[in-house]
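Student: Among the features that TrEMBL reports, compositional bias 'Low complexity' is placed at 14-33. What TrEMBL lists as domain 'MARVEL' is 42-168. Taken from TrEMBL, the feature region 'Disordered' covers 1-34. TrEMBL lists 52-70, 76-95, 115-133, 139-161 with the feature transmembrane segment.
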Amino acid sequence: MSHGARVIRTGVTSAGPASTSPPAASSSASASSDGELVDGAYFRSCAGMLKVAQMISLLVAFISINNSQWTNYSAYSYFQIVAMCDLVMVLFFYIIHIFRIYRMLTCVSWPLAEFLHYLIGTILLLIASIVAASKSYNVTGLVAGATFGFLATILCVLSIWSSYKVSCITQSTNAAV
């Protein structure tokens with residue numbers, strides 16, 4: 001039993017459909033947006049701004065920990081590894097969305113990959129932030145790094161929630177069609 005590739009359109013906002021113009025006008029608009037190299041709307045979207053906030057908080061956490069006097073080598077090296085891995089993966093998914101690579105590589109379930117990344121990364125970042133906070137001994141840079149680690153954890157939880165919410169809406173919309 002062979003199932004063809006399905007196209008999921010997520011251009012519906014809370015205000016209604018994305019376009020109320022005639023089909024001829026919308027097809028020419030979508031053709032011009034498909035030809036663009038960079039998705040400018042993703043920069044301004046909630047998911048795009050959330051990824052930028054995650055990258056900034058992870059970078060600040062890494063720099064704060066890196067430039068402080070460490071009180072426990074293994075705890076802070078673990079925190080640095082987790083923060084950099086999360087930063088690289090968030091940047092990877094940001095680039096995937098900005099350049100619309102997910103349209104070219106349809107063999108990968110990008111929503112599932114991003115969801116699993118955020119799930120695993122959030123758990124590891126939460127553990128690393130708790131360990132970093134418990135070993136900081138009131139050293140200002142270490143406390144700041146742990147605080148930004150907790151902020152990044154909260155932002156990752158928001159990303160998981162929004163990713164799961166979009167996945168559920170997409171599935172229920174598909175079931176109704």
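Count begins at 1; order follows the chain as displayed.
Using N, Cα and C of the backbone, Cβ positions are placed for all residues, glycine too.
All TrEMBL annotations are machine predictions without curation.
Show me how these features fit into the structure around them.
Tutor: Across the range of the domain 'MARVEL' (42-168), the DSSP-based residue counts are 108 helix, 0 strand, 19 coil.
Long-range contacts of the transmembrane segment (52-70) within the same chain, counting only residues at least 6 positions beyond its ends with a Cβ under 8 Å from a Cβ of the stretch, are 76, 79-80, 83-84, 86-87, 90-91, 94, 132, 139-142, 144-149, 151-152, 155-156, 159.
Counting same-chain residues at least six beyond the ends of the transmembrane segment (139-161), those with a Cβ under 8 angstroms from any Cβ of the stretch are 47, 50-51, 53-54, 57-58, 60-62, 64-65, 67-71, 76, 79, 83, 86, 115, 118-119, 121-122, 125-126, 128-129, 132-133.
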